[in-house]
């Protein structure tokens, strides 16, 4: 079977937004207008197509990014293939967003016309910057009370530091919102609001003519800056044609120089079709973005893989899901080459072979078996044994490791135990499966108490995982109170000279190390050797590093992992017979334990960036409450009729905050929080923690 759509006609994109900006409704509309969905599912009915896990439908939030393939005929009459990845907008699931962005070529950022740029929008935007993803912005919910398109455009500049390029203006707002002015064609597009109705094209309302001219002029000025020839022509008085203008906007969007801004209301069916046209016209095909980089396994040098069916096969596994009908599904993006059912591929990260048995094309919760897939496709593979998120699968003859994804460490832990003996074994299987799906979820055993500890990115994250264990794996579990994932570090430099000697008949053990331990700004561990003259032979130096790393996981104060330590090996001694890598490992372990005490060990706690959006009446109570939680208020600002309070608060003091805020504001205030940084714990609090964990 040959390729049905040219790779130039693919658009791999995602929709990213703050929770409640209308992302799931927008995806539903896109699926409806592109003909994949016959009945629109509304999020508030719990019937949405993309949100296919039970909890998502209950909670009305999107948790897992389902990938969907659909098609759209552009303005030029040509059909394009869309692969849409739905991403969650809740802070506890930023990891999902991160991995979706990693495999997308472009994205639509949705804004709520009333709230503008919200905290999660900033987080997701920053993640997209990291991967240099071309983005458009759609100002949604223009029919909502307090909708303000121009304020949202201003916030894209002031809050996101991005260059906003409005290509449409709204006609009316709130209940009077009827359509948009297309600044490229200089026509008015209006909709009567019935599902699936095309736009009525007409003249721009007289009272908007001047504004439209002014914004079109700004649009052209920004667009011609992208291309020297267009700029020269413009300065000589030649205006670009509409098609030339679209080409310039496309070029600038793909180069991430600016972001086209459109508007509408997905719920009321106004503005969806022009957005789909804009995906075709402004967002990149896989061939428009730089070729993916990787490491050639044979030569260990950097290499690239072009988006072409002729290139050697390479693909990145970006998500693992348990499907109730198919079992474990691995979602992968094919970057180069052609994939055929039945072939064996190399997992270069694990050094294992995987056979491709069953291949599926996913529509949100229905699936279609396929035998072939090509560069640019996103496929679901059933039955892979060794592959986890972030692994590369490729042609065994041309092995490559594509750029890995980075996942943050969890900030919250809870103890969990099975309710019955029968649940014991099932719980182990369930937790391992969930951890394979979600790299930001960790499972470990507490050696002293024998308890199983699960760790994640927030209370909601762990709630949902425990809930899934119950539903999908039928495991009943008792859950402890949440614990903060504290860390330890050192505050000053300390030099330790330690000798490890053991003689008990036969060959003994001997190693002497002289190490300087000092704090550094990062969170990682840095090891350096300044040995000259062979006082410690080269082959023993890795043992010194390994020894220190093996005890970094349990600091001297309360047994928490250590952060931000630099160790420099400056001297030592060895014995021809009695020294070994193991002896140096033991010596450096003991040196570190002694050094951590002498270097002024301190406890660190995670500090969360908290944003509370509250009606004016409750601002005083909210600020007072955050102060009582050891919070530092960093400022307040107006947002529509509400006030936004920004603060930095220790995670330890934020447990159960959702209920306090609800009762304080009669359910009218909302908050978001995300991990920001680690900070030393105040002495009195640190003593309490040490007592508890010592």
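Just so it is clear, glycine is given a Cβ too, placed from its N, Cα and C backbone atoms.
Summarising the annotation, Swiss-Prot assigns domain 'tr-type G' to 8-287. Across all of the domain 'tr-type G' (8-287), the predicted model scores a mean pLDDT of 84.
Annotation source Swiss-Prot lists GTP binding site at 17-24, 86-90, 140-143, citing sequence analysis. DSSP gives residue 20 (GTP binding site) a coil state; it is part of no helix or strand.
Neighbour list (residue 142 (GTP binding site), Cβ cut-off 8 Å, at least 6 residues apart, same chain): 113, 149, 170, 173, 174, 177, 263, 264, 265, 270, 271.
Ranking the binding-site residues 17, 20 by how many other Cβ atoms lie within 10 angstroms of each Cβ puts 20 at the bottom.
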